[in-house]
Amino acid sequence: MVGVFQDVEWSCPCTSSPPPASFSLRRFCIPLLLASLPAMAAGEEIAPALQDSWGDFWLFRFFVNAAGYASIVVPGFLLIQYFKRRNYLETGRGICFPVIKSCVFGSEVKSVHQDDGSLPPRAEPTESSTARQVFKLLFCAAGLQISYLTWGVLQERVMTRTYGATETDPGEKFKDSQFLVFMNRILAFTVAGLYCALTKQPRHGAPMYKYSFASLSNILSSWCQYEALKYISFPTQVLAKASKVIPVMMMGKLVSRKSYEYWEYLTAALISVGVSMFLLSSAPNRTVSTVTTFSGIVLLAGYIIFDSFTSNWQDALFTYKMSPVQMMFGVNVFSCLFTVGSLLEQGALLESLRFMARHSEFTAHAVLLSVCSACGQLFIFYTINHFGAAVFTIIMTLRQAFAILLSCLIYGHTVTVVGGLGIAVVFMALFLRVYARSRMKKRSKKLPPGETPVQKV
């Protein structure tokens, strides 16, 4: 690595004692050098996406997007502090009082008592309705598989392939991942809003601003997920998602002060081993479809960290009495606000709309991507409510395996023998987690109150 930097120093004009007139050249070379760091770290040529312009470099786009979100978050934070210091809950009056009360203070209704029965417990299937339960289970499994398998295929198509290609024109790629996040969130917001309006929901008690934390981390995790596909293959991304149980456990200890059992650490270690086997087996292959770059690894790490924070923050929000669809609505309200504000500030919204106007195929893909994402979330809530988290986890684990297979068949990704063994280790660990969790729940029901079956750490 030292040799690489030495070569760059001597070959770059900006490192040789230049006269003052060449200061603009120095400012140009430094960003160019920074943009090439990920490729040099991986020992590869600079990716075409980084050669286009400094503005297309993912780290630059990340900070630009973050600055756009900060332009909304900072004034909002100052307003919240102003209303709290003024004791607005006691002194406020006027037509805006209900809105400000809901956004800043809420009604502080916690869910620990659950005394109104607005959210009945999940009904266990009975023998008389076995056929109906089987049909519902097949319906949920099919809905989840179709929604998220289609979503995965479209995600890879949108981020890695060109649109409008002809014999003379290579076409153009869509580069703005933030617009795709906005498309997903606006449709999810609409679906959740209609669902809340048409069905009975519990009385909302959480201050609305608390959704913004989960919303911001959810936006950033989705952006990292889309952006990572520019640098890594889809199978690599799927396996990285499977390994997110490790940072989720770490975030659980930091954010929620949770304790975990020894078998959870064991399965997390097995997942790490399996993912490492897959990544290391793909390293010698330098083809475009399977190359794993430094930038892709960093983006995947960002996705896992932000997504882990989102899930743990949402767990904390569920201490207020709310349904999962209300959570979906609240998070997506702020997601739409943050993304549309950032897109407008950058001028990227009109540019993305013009891209849609030029390429009708992209329009269809973007809309279908958003529909699959919104429908998939509803299937998640329905499946967990009727069959529990264990059944849902099994379905989604199978979906991940099918997604890797489908991506390899459609887009021609290759998997080595060691990589295949790594995939098998990962999914074996995931199923072991489901089995161990179900056994622990059955055992805990048989033990006297206050006695734990396994020591937690």
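Residue numbers in this text run from 1 along the chain shown.
From the backbone N, Cα and C atoms, a Cβ is placed for every residue, glycine too.
These features come from TrEMBL:
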type	residues	note
SIGNAL	1-43	signal peptide
TRANSMEM	58-80	transmembrane segment
TRANSMEM	134-154	transmembrane segment
TRANSMEM	179-198	transmembrane segment
TRANSMEM	262-281	transmembrane segment
TRANSMEM	287-306	transmembrane segment
TRANSMEM	327-344	transmembrane segment
TRANSMEM	364-382	transmembrane segment
TRANSMEM	389-412	transmembrane segment
TRANSMEM	418-436	transmembrane segment
Best-contacting stretch, by C-beta pairs under 8 Å, relative to the transmembrane segment (389-412) and drawn from 134-154, 179-198, 262-281, 364-382, 418-436:
134-154
With Cβ-Cβ distances below 8 Å as the criterion, list the same-chain residues six or more beyond the ends of the transmembrane segment (327-344) that contact it, or say none.
65, 68-69, 71-73, 176, 178-179, 181-182, 185-186, 188-189, 192-193, 196, 206, 208, 211-212, 214-216, 218-219, 314, 317-318, 352, 377, 381
When counting Cβ pairs under 8 Å to the transmembrane segment (134-154), the leader among 58-80, 179-198, 364-382:
364-382
Would you mind listing the long-range same-chain contacts of the transmembrane segment (364-382), meaning Cβ under 8 Å and 6+ residues beyond its ends?
140, 143-144, 147-148, 150-151, 154-155, 157-158, 180, 183-184, 186-188, 190-192, 195, 324-325, 328, 356, 392
Proximity of the transmembrane segment (262-281) to the transmembrane segment (418-436), 3+ C-beta pairs under 8 angstroms:
yes
Should anything in the same chain at least six residues away from the transmembrane segment (418-436) have a Cβ under 8 Å from its Cβ atoms, list it; otherwise answer none.
235, 239, 242-243, 245, 263-264, 267-268, 270-271, 273-282, 390, 393-394, 397, 400-401, 404
Non-local residues, at least 6 beyond the ends, that sit with Cβ under 8 Å of the transmembrane segment (179-198):
158, 219, 222-223, 226, 325-326, 328-329, 332-333, 335-336, 339-340, 343, 348-349, 352, 366-367, 369-371, 373-375, 377-378
